[in-house]
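The following features are taken from TrEMBL:
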- Q236, E286, N336: S-adenosyl-L-methionine binding site (BINDING)
- 258-321: domain 'Methyltransferase' (DOMAIN)
- C364: active site, nucleophile (ACT_SITE)
Amino acid sequence: RLANAVTPLWRLPYQEQLRVKYESQRKILQTLASRLEELGIDAQKPGGLCCPLQPVVPSPIINGYRNKSTFSVNRGPDGNPKTVGLYVGTGRERNIVCVKANHVENIPSKHKQVAQCYEEFICHSPLDSCILFHKGGHWRELVVRTTRCGHTMAVITFHPQQLGQEALATQKALLKEFFTSGPGAACALTSLYFQESTMTRCSHEQSPYQLLHGAPHIFEELLGLRFRISPDAFFQVNTAGAEVLYQAVGELCQAAGDTVLLDICCGTGTIGLSLAHQVSKVIGVEVVEKAIEDAEWNAAFNGISNCEFHSGKAEAVLPQLLASWEDARPLVAVVNPSRAGLHYRVVRAIRNCRAIRRLLYISCKPEGEAMRNFLELCCPPDPRKKLAGEPFAPVLAIPFDMFPHTVHCELVLLFTR
């Protein structure tokens, strides 16, 4: 049940998985064409698509490709309330259980090893797991990040409830001892972090990540560059797949030597920095402050001097940045937002900046909020919405299989005007 929930295509041969994904992306582009027609835009191309769709680009690695896994702590099928794994079931049916992920094919063995050790630790702890916040308990989720450089970072989330500083210090010391000189030492962690959190999810600013052991960052090598990764920084979950994706993005940008590349939702700067050698300047925008610190370090370490990075919400930073844009150089935009898509103010700023003639939208969920963005980019000008700029048109779609065994794809949609 867990394999079917997390990796629903795991039983299919890989070529068949790619065929299934191609069909799903084709339907998304058909939907987009229909929605554009409703706006009075003639967008129907052969096959009822809004633009040509290329075959799905396969992942170089099919099994164990994830460089980041998030494990929950909850009641298992055997009743153990300290099971570390992934969820099966739904809240509505009240049949949620936490199942060990030992057999799940997209998770690497190192992640499974750390999860098993964490379970062993909390099972010997007198403190309960935190299943429901209001009912008490402390031990919560585990995030494991690994890199091809052989680095492993573990981040443990802990609900402090009413514990004092002395009791918290004791738990942190026990955790550190377990992973450095106890059974957990077999994991050979590069970094061990601890976060006290009373919320489901919270940022470093809301509740700082506390380094209990090792180095503050792990490092990854990608397209000949070295990248520093913080606990909460975004990094594509399939590193080998990301290399293929970024090389294609570089080609699709058609960036000449005088081009300025606008990298929106830039994370640790991977896209912009990997393309910096072929453009005159890179401008990155990212909401996670620590990720921007990583991006700036990455640029300096790799000897890249034509990049500038801005920390803040894209909807606050970008309109200011583009409103006064007077640079005569060609401006190409690459956007890689979360599943929530781009804020309307970001789309409006892009639309109203005449210098942007080419836009690459990278989406892991194009049928979701990204669809709203596609329509906002392509709709006729609307003075009521302060949307004065000339509309974009989709001209090419390329899906990348960043998530083998799942139904998801990373779709790169090229817009021009």
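Count begins at 1; order follows the chain as displayed.
A Cβ is built for glycine as well, from the same backbone N, Cα and C atoms used for every other residue.
Note that TrEMBL annotation is computational and uncurated.
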Between C364 (active site, nucleophile) and E286 (S-adenosyl-L-methionine binding site), the C-alpha gap once rounded to whole angstrom: 18
Which same-chain residues, if any, lie at least 6 apart from Q236 (S-adenosyl-L-methionine binding site) yet have Cβ under 8 Å of it: A242, L245, T270, M402
C-beta crowding around N336 (S-adenosyl-L-methionine binding site), within 10 angstroms: 22
Set of same-chain residues at least 6 away whose C-beta sits under 8 angstroms from E286 (S-adenosyl-L-methionine binding site): F234, C265, C266, G267, G269, I292, A295, F309, H310, S311
C364 (active site, nucleophile): tally of other CB atoms within 10 A of its CB: 19
Residues flanking the S-adenosyl-L-methionine site, with Cβ no more than 8 Å from the Cβ centroid of Q236, E286, N336 and excluding those residues themselves: F234, F235, C265, C266, G267, T268, T270, I271, I362
